[in-house]
Amino acid sequence: ETLQRIVSTLVNKNDEIHNFIDMLNHTISNVQVNSSNAISELDEEFDGLYSVLHEMKGSMANTIQQEEARKIQALQDQLSQCSHALESSEELLELAVQSLDIQNPVELLEAARQIKDSVTVASAFRLSLKPKVSDSMTHMMVDFALEKRMLQAVKFLPVPKAPEIDVAACLVADNCITISWRMPEEDSRIDHFVLEYRKTNFDGLPRLKGEQCWERVGYIKATQYTLSGLKFDTKYMNLRVQACNKAVAGEYSDPVTLETKAFVFSLDSTSSHLNLKVEDTYVEWDPTGGKGQEKIKGKENKNRSSTASPKRSTNSPRASARGSRDRFAGESYTVLGDTAVESGQHYWEVRAQKDCKSYSVGVTYRNPGKFDQLGKTNSSWCIHINNWLQTTFSAKHNNKAKTLDIPVPDRIGVYCDFDGGQLSFYNASSKALLHTFRTKFTQPLLPGFMIWCGGLTVTTGLQVPSAVKTLQKSENGLGGSTSSLNNVA
């Protein structure tokens, strides 16, 4: 047996060596291919440089030729004028010589007067005997000494250094993360940055096992980026950045872990009324009393009676912690969230279908009665919208209602400050306050929803919006109005 183990170990080691040899051969092949590619890219860069220089040479040579033609044309024009003036002067000289032979004084005097008049207006006396242009072309000379030194200094592109994330400048708010970074030293060759992030439930450095894959955002030109529209369904976010120049990417920065506080829950189908069809974060009125749900879910509802309301259990750890019980019955068309609020500040939103006839949104202590309706007990708080016949909008608690004389929003935001004893409802779009309950919560709270004729969609994994935090500070600073429905529970 010992020999067999030794031989088995040797076989495994041989396999490892074979695999390593294959890897080395593959690496050699890749080195050759990549080297060839690098040479090809180098040829392309130099060909491009040659092309630019050739184009510049042609353009500058053309400029010199144009200057040559301009100067020659100016000198030829001046030469033509001088030739014409010289020809005219020679004619006058010949005429003067001939006049000297005249013997008659009167004729001589007349000829002299004519010569004098002609000489006075002769073009030769109006000519400038200085060339209009010089023969120098030194202003068309170039000096590439600086460029030569620059070209001689050309080297392979350096690998960019790893950026440094400025944790103090990073901001997590409104389901967005703004991350800032800087380079350890100035690098003018940086072309862009790449940001990678992934969600995690572990604080500290990223772990190799049990982690999600990195998601990538490329070609960021600035040293700051905002990830928006996130769903914070984990406790933290790992982020890292790398710098890239035209040819190569540098090492990633040291990853940072930012906390992403948010309340995440699903609708607990084990708590719902038979007339409600529940799917994760969506609940819909089902007039078939659950029979339609049985057809959809098939095997899942195979052993369920379509008329009975049995006690059920669930494998969900969050739901089982609350304990199984009878679903809601009668006119309590209710479903609860599967995660309790036991401390802290939390926020979630609800959107109702446009044709929804009646629905309530709120919270309740655990284990309400199967016939209890939200807002009609001293252990539940809600706002209720009734679109049947005429629209009514009210806040309910302990079977008391307060009419809210404001338009019903498309989306309702729910803010729960468990420790501060506050439950507020907002217009989720404008963040306008709809109503606030103030009390002292003595038990964990479950999100609750009641619906008749229509559907509700719940959005979780949301942080408390900055606008809501600002309103809460303002309201608390001013003392805030106390609702007539508030109580000390």
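Heads up, residue numbers simply count up from 1 along the chain you see.
Using the three backbone atoms N, Cα and C, a Cβ is placed for every residue, glycine included.
Residues or ranges marked as compositional bias 'Basic and acidic residues' in TrEMBL: 292-303. According to TrEMBL, the feature compositional bias 'Polar residues' maps to 304-318. What TrEMBL records for 100-157 is domain 'COS'. What TrEMBL lists as domain 'Fibronectin type-III' is 159-263. What TrEMBL records for 263-467 is domain 'B30.2/SPRY'. Annotated region 'Disordered' per TrEMBL: 287-327, in sequence order.
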Do you know the DSSP helix, strand and coil residue counts for the domain 'COS' (100-157)?
30 helix, 0 strand, 28 coil
Looking only at the domain 'B30.2/SPRY' (263-467), what is the model's average confidence as pLDDT?
84
When the domain 'Fibronectin type-III' (159-263) is classified with DSSP, how many of its residues are helical, how many are strand and how many are coil?
3 helix, 49 strand, 53 coil
